[in-house]
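Next up is a structure, given as structure tokens.
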Amino acid sequence: MTKSQALQSNLDVDYVISYRFAKTADKSRAIAQFEKLCEAIAHVGLQTEVRNGDSHSVLLFVRVASDEHLYGEVYRSRVRDWIHGVRAAAPPKETREALEAEPLYEAERLRIIYQLITNPSSEGGAAITPKEGEWEGVESIFALHDHAYNKDWIKKWTSSYFLKTEDLDDIRNRLGEKIAFYFAFTQSYFTFLMFPAAFGLFSWLVLGYFSPIYGVVSAVWCTVFTEYWRHQETDLAVRWGVRGVSKIDVRHRDFAPEKTVTDPVTGEKVGFFPSSKRFQRQLLQVPFALTVVVCLGTVIATCFGIEVFISEVYNGPLKSVLVFIPTGILTTVNPILTTILTQFATRLTQFENYETQSAYDTALTRKIFVMNFILSYLGIFLTAFVYVPFGTIIVPYLDVFNVAVRPFAEDEKQLHHTSTSSWSINPDRLRKQVIYFTVTAQLVNLGMELIVPYLKRRGFAWFKKMQSERAAKNGTASASIAANDPPEDAAFLERVRKEAELDVYDVNTDIREMVLQFGYLSLFSVVWPLTAVSFLINDWFELRADAMKICVEMRRPTPWRADTIGPWLDSLTFLTWLGSLTTSTLVYMFHNSNKGPDGNPSNIQLWALLLTVFFAEHLFIILRITIRHVISKIDSPGLQKERRERFMVRQQYFEENLNSLNKLPTLSGSGEEINRKSLEEDARESSLRATTPESRFWSRQRDWKESAAVAKSLIEKAHFASSPESKKEL
């Protein structure tokens, strides 16, 4: 097989399991564990093949042994969805008929097979948990890239400006709903950015900075987008058949139930952990948040003070060098603190003991968002709400040199004082800071996503090559990894080994980038109206860069299902609310002059500022309720599909179960003549059996014809007397 052919075919491989054993490990124990692994895989209906991996590892190739077994698992999964309300209609009773009505798509197939490998034995899986417990030798489980599809995908996207619904459906079919939701969100965000970009350009040319009109438009746009995405999210979940799927998500592997109880709805025995006890553990999030604010806030505030002092107060030697001290501190201390706090957040989330994986991910994401919020926005907040209004008071105290030598000075004249009269705030500092985060930082981040992983792979490849050459010179070179590869599989196995070395893709990282970008737009775009223009250009490349990153720089993601972007929607709502407050405050402080209060707090009327914030918040609440109500009335194909499916289920129920009504006899008339003889016969029969007033009342007329005949006789016998009103008229 040539290299080009190896890229076109995966040889029917569904998953690859990388099993690694150390040099000093007990070989007999490693062999026994691998045999157990193969046995567990075979027991769930999967076929295996083994090839040599890289140093001290083997590759276990897995595929479905029988399509009938796979179809049974797919049918079981769909029935489970219907039982838990994810599907409106039950799948057809025949498996083949069900798959013909709704064909199996690739992401569903890979997800079912992955669950066969990783689900616990009680749920029909092999219970393989990579890097944990008895399976610590299992390094990774991953599917292979479809390089032919990836090539067409990237080519198609690079030649189009917008993603259609069909493109999102294609992503869902290949990579799963969770990743499809990210691309749908980014595409919706990109489309919505066109309006603030156009209006921002107009505002920059005509209205200027800190425009109240732009502030109002920006707040309205952020609210509309947030509420629209909330609606669009539901529509896509219905379209993809995953609405409510988070309720039946896979169980978190570290969940430790306190006891086993009987589910009051299903009657099944399930693990139970009291919500009250979990809530008590969740209260630890308060000291955790305070710790994050103190640790990261202290570092950022300290570096902020040093940077202001060096750049605006200090005039001594090496100023051009010393100005990089804050950057050096932030780039060295912040990553260390972030790593430590992230580990602490992970341990805290595990201690809270969530039952499902989605609940665990949601709790962890919210904790990480607190850290991201401080790291991303605190510097601008300090500039806007500390440096600008209180600069003339605070900056003189930043003269660290004077503070340090004051105890050693014999006379005040020996000290150099920073006079408030000779110093003024930098009016462009806030704007330049916003431009840096919305332009420069976005470009750097985009380059880090594309260039750094490429350089990293090239660097590792070069290092391995150098090691091999050095070992060959010293005569200690070991046999080549590919030495025993069958010639027809050599190119394919080389590709698999390279994919095994790739990083794991985390979609939450990309969603976090978009949400934080939205935060800059919501919170600080009034400072620089061209913010949306920068984001519009960046996000066009970001969408395609993320697709390329998934195809080239990362392993193929496991196609998990989702019905939302998770807690990031709550983050969007929070940033929208906070943006209404910050925008109104900035407009109040700066709208008269681009320089703001000029560092003198006396220019700020506290009562007016608080009144502005008060009205802004209440107007935001009214606006959000109104927009949410209006958008909720908008119909969509997904919601129509849901109503149609529910209607068809009810219609089918009536057709199948109420047909017996058509078999009931109708109350047609017997056509018998009513005469004296028939009446005497009826009276004789009624006297022979016990009767009740009700039966006697309803037995006087035998059918509708008798009722009509009696009414006829009554009408004919009636005499119409003249009414009093008619007499008056005469």
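Placed from the backbone N, Cα and C atoms, the Cβ positions cover glycine too.
So TrEMBL has the following annotated:
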DOMAIN    12-138  domain 'Anoctamin alpha-beta plait'
DOMAIN    171-645  domain 'Anoctamin transmembrane'
TRANSMEM  179-206  transmembrane segment
TRANSMEM  212-229  transmembrane segment
TRANSMEM  286-310  transmembrane segment
TRANSMEM  322-341  transmembrane segment
TRANSMEM  374-398  transmembrane segment
TRANSMEM  434-455  transmembrane segment
TRANSMEM  518-537  transmembrane segment
TRANSMEM  604-623  transmembrane segment
REGION    665-693  region 'Disordered'
COMPBIAS  673-687  compositional bias 'Basic and acidic residues'
Tally Cβ pairs under 8 Å between the transmembrane segment (604-623) and each listed stretch (179-206, 212-229, 374-398, 518-537), then give the stretch with the top tally.
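Maximum Cβ contact count belongs to 212-229.
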Can you work out which residues elsewhere in the same chain, 6+ from the ends of the transmembrane segment (518-537), have a Cβ less than 8 Å from its Cβ atoms?
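That would be 189-190, 193-194, 196-197, 199-201, 203-204, 207, 209-211, 214-215, 218, 222, 373, 376-377, 380, 384, 430-431, 434-435, 437-439, 442, 572, 575-576, 578-579, 582-583, 586-587, 590.
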Where among 179-206, 286-310, 434-455 do we find the most Cβ pairs under 8 Å to the transmembrane segment (212-229)?
179-206
Reported in the order helix, strand, coil, what are the DSSP residue counts of the domain 'Anoctamin alpha-beta plait' (12-138)?
60 helix, 22 strand, 45 coil
